[in-house]
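Record features (Swiss-Prot):
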BINDING   249-256, 522-529  ATP binding site
COMPBIAS  8-21  compositional bias 'Basic and acidic residues'
REGION    1-21  region 'Disordered'
REGION    771-807  region 'Disordered'
Amino acid sequence: MSQQGESSDPKSGKKDFSTAILERKKSPNRLVVDEAVNDDNSVVTMHPQTMEKLQLFRGDTILIKGKKRKDTICIALADENCEEPKIRMNKVVRSNLRVRLGDVVSVHQCPDVKYGKRVHILPIDDTIEGVTGNLFDAFLKPYFLEAYRPVRKGDLFLVRGGMRSVEFKVVETDPGEYCVVAPDTEIFCEGEPLKREDEERLDEVGYDDVGGVRKQMAQIRELVELPLRHPQLFKSIGVKPPKGILLYGPPGSGKTLIARAVANETGAFFFCINGPEIMSKLAGESESNLRKAFEEAEKNAPSIIFIDEIDSIAPKREKTHGEVERRIVSQLLTLMDGLKSRAHVIVIGATNRPNSIDPALRRFGRFDREIDIGVPDEVGRLEVLRIHTKNMKLSDDVDLERIAKDTHGYVGADLAALCTEAALQCIREKMDVIDLEDETIDAEVLNSMAVTNEHFQTALGTSNPSALRETVVEVPNVSWEDIGGLENVKRELQETVQYPVEHPEKFEKFGMSPSKGVLFYGPPGCGKTLLAKAIANECQANFISVKGPELLTMWFGESEANVREIFDKARQSAPCVLFFDELDSIATQRGSSVGDAGGAADRVLNQLLTEMDGMSAKKTVFIIGATNRPDIIDPALLRPGRLDQLIYIPLPDEDSRHQIFKACLRKSPIAKNVDLRALARHTQGFSGADITEICQRACKYAIRENIEKDIERERKSRENPEAMDEDTVDDEVAEIKAAHFEESMKFARRSVSDADIRKYQAFAQTLQQSRGFGSEFRFPESGDRTTTGSDPFAASAGGADEDDLYS
């Protein structure tokens with residue numbers, strides 16, 4: 001069971017202690033839950049040796065402790081067939097303990113269980129629909145007669161009788177928490193049937209329900225459980241236990257859930273303060289609310305105070321203008337670490353803006369530990385998906401690992417939304433057999449429902465990570481087939497963007513980080529933006545499109561902040577492709593922009609430079625820029641490490657033009673006599689956009705002709721209805737004919753002049769020259785000792801016979 005911790009880091013001989021608290025302790029009274037053979041609600045069976053180890057005898061009453069601080073009491077019997085560290089119990093006992101098969105429970109002796117004087121037992125309302133007759137005679141009497149069953153207050157148990165099985169709940173027992181129902185015990189079953197409380201109620205979140213934060217969970221448990229359960233540990237070493245934890249991370253990553261789980265599993269008193277609620281209009285009222293909360297918690301120690309959205313009540317004091325906020329911050333500071341020490345009270349704060357909290361709160365003694373609950377990685381996402389789908393009916397073809405791979409940048413909440421969406425998709429398919437008017441739905445319809453892989457794929461298409469909600473880009477459905485020509489450009493792009501996402505281990509093996517930037521340049525209308533769309537669609541990364549000019553705002557310092565935010569978002573939902581269209585609007589050469597908004601463009605460019613290759617670590621964020629004025633872009637952007645791959649996208653040649661015609665007309669019906677090759681030959685110097693325009697225009701003519709024919713036919717049929725019947729036969733197929741293309745070619749025009757093309761080619765050539773510097777370089781042969789001739793500058797240094805200054 002504790003294998004995970006030891007093998008967590010095989011390379012170093014040292015054991016990783018950071019998650020030590022999560023490991024199961026070995027002790028003889030911890031047993032693994034197994035399915036029962038005989039179905040009795042009050043009996044659990046163990047191997048005789050296990051019984052001997054625990055000093056139990058056949059028929060002893062034992063107390064079993066399960067998850068979420070639930071326990072129940074049962075009678076222990078020996079069973080030779082049960083394996084050693086296992087305990088067999090049926091479904092009723094398991095649900096009372098909130099455990100599943102394979103979980104671990106602890107068994108304790110429970111010697112002095114009294115015979116009960118009276119017990120109060122009520123049925124659960126949804127199991128007794130249509131049951132007639134006296135419940136007591138039919139169900140309870142045969143169940144308890146001569147059986148001496150132990151019961152625990154709050155337990156549910158299932159009784160089979162006649163044709164039905166009914167669930168009952170033990171509402172009250174006298175004496176105390178548990179007792180044995182003997183023949184002289186009075187059983188009350190008067191009263192309204194109980195409503196079933198949801199077994200998985202929200203306030204019953206356990207550690208099992210939090211996935212993807214294993215390391216953080218371990219840290220939180222050391223900080224919370226150790227001081228609350230064993231304060232003497234810290235006393236014996238002589239340090240004060242930590243008292244505050246600040247959880248921060250993007251919204252939806254499970255901060256509040258973790259706090260709930262901790263409170264439930266430790267059994268501490270849980271006091272929740274929602275930031276904005278303690279504000280009040282009366283002076284001094286808000287502070288006293290805070291004081292009351294802390295006093296309440298100290299009365300009920302050990303306790304946990306959870307302050308959600310702490311940035312709303314403890315902002316930086318310099319920045320706030322209101323007097324009230326400052327007083328509240330001061331009050332919080334003194335409460336958390338004032339002269340009066342607080343014992344056994346742990347404060348957990350949660351926020352997604354840790355930098356807007358007053359810095360005095362973030363020192364040791366107040367919030368000692370700051371735990372970053374980030375976006376989960378692939379393993380974490382798989383855990384979260386398993387948790388959300390554990391109660392769903394999944395068909396066999398659902399591949400959760402695959403889904404976890406495809407959901408880059410999703411946090412827990414997004415994965416929950418994904419599962420819900422998949423289930424809804426499943427329900428929508430069955431809507432034709434579900435009638436909303438009916439009272440009940442057929443059982444076979446309900447049983448036939450299962451969520452398939454297809455439903456998940458549909459849901460994946462409609463959902464996106466919440467970090468990207470405001471910069472959301474509908475991932476365009478452009479694939480590589482839509483792009484005619486440009487074969488080698490496509491290949492380079494795939495290598496730049498798809499390899500690092502799909503084969504990260506290769507890069508690690510060769511010890512290099514992949515290049516992160518590409519700049520497309522070339523005449524307008526050649527498919528630069530289209531390429532970026534295709535790569536966003538083909539590679540499973542998230543895609544943020546940034547239009548250059550919209551980053552600039554009128555406020556000072558705001559434009560740079562926009563750049564920073566975009567990069568932050570991209571990092572949160574990595575791997576991510578950032579596409580800057582019209583890059584020249586924000587990346588002009590510095591110093592050239594005189595007088596525009598106090599040089600805002602220059603500052604934006606500086607921010608861009610530092611974000612792309614500054615001190616902060618880049619995760620897998622790819623930057624693709626597109627521009628048709630490469631000559632005015634600041635050279636600092638074009639150095640390797642920022643936009644290191646400069647790809648010139650030229651006007652298409654004849655083959656590419658043929659491909660573009662094909663790609664444009666993929667879905668259109670074309671007459672047999674249209675020769676696309678001839679069209680491609682005649683459109684020398686046209687860009688991709690011009691070619692698309694030719695196709696659109698030809699389409700327009702075809703549609704016009706078609707509509708005119710329809711009108712003509714209707715008129716004829718009105719004039720003489722008899723002739724209509726023969727006429728419908730020779731209705732020709734609607735298609736784009738050669739005549740339409742000829743008509744369309746009359747209006748065709750080139751959007752890029754020759755002078756422009758020459759400019760682009762000159763720029764491309766200068767880049768080629770600066771690039772091809774070491775084309776003569778060869779490694780010297782191993783036998784060849786003389787390497788003097790390999791220096792290209794030595795020959796041009798004007799003969800070596802002159803005295804060289806530097807020799």
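Just so you know, the numbers here start at 1 and follow the chain as drawn.
Cβ atoms are placed via backbone N, Cα and C, with glycine included.
Figure note: comparing Cβ neighbours within 10 Å for the binding-site residues GLY249, PRO251, PRO524, the maximum is reached by GLY249. Spatially close to LYS255 (ATP binding site) yet at least six residues away along the chain are LEU247, TYR248, GLY249, ALA350, ASN352, ILE373, judged by Cβ distances under 8 angstroms. In sequence order, ILE649, PRO650, LEU651, PRO652, SER687, GLY688, ALA689 are the residues of the chain that are 6 or more apart from CYS526 (ATP binding site) and have a CB within less than 8 Å of its CB. Highest Cβ count within 10 Å among the binding-site residues SER253, LYS528: SER253. In the three-state DSSP classification, PRO251 (ATP binding site) falls within coil.
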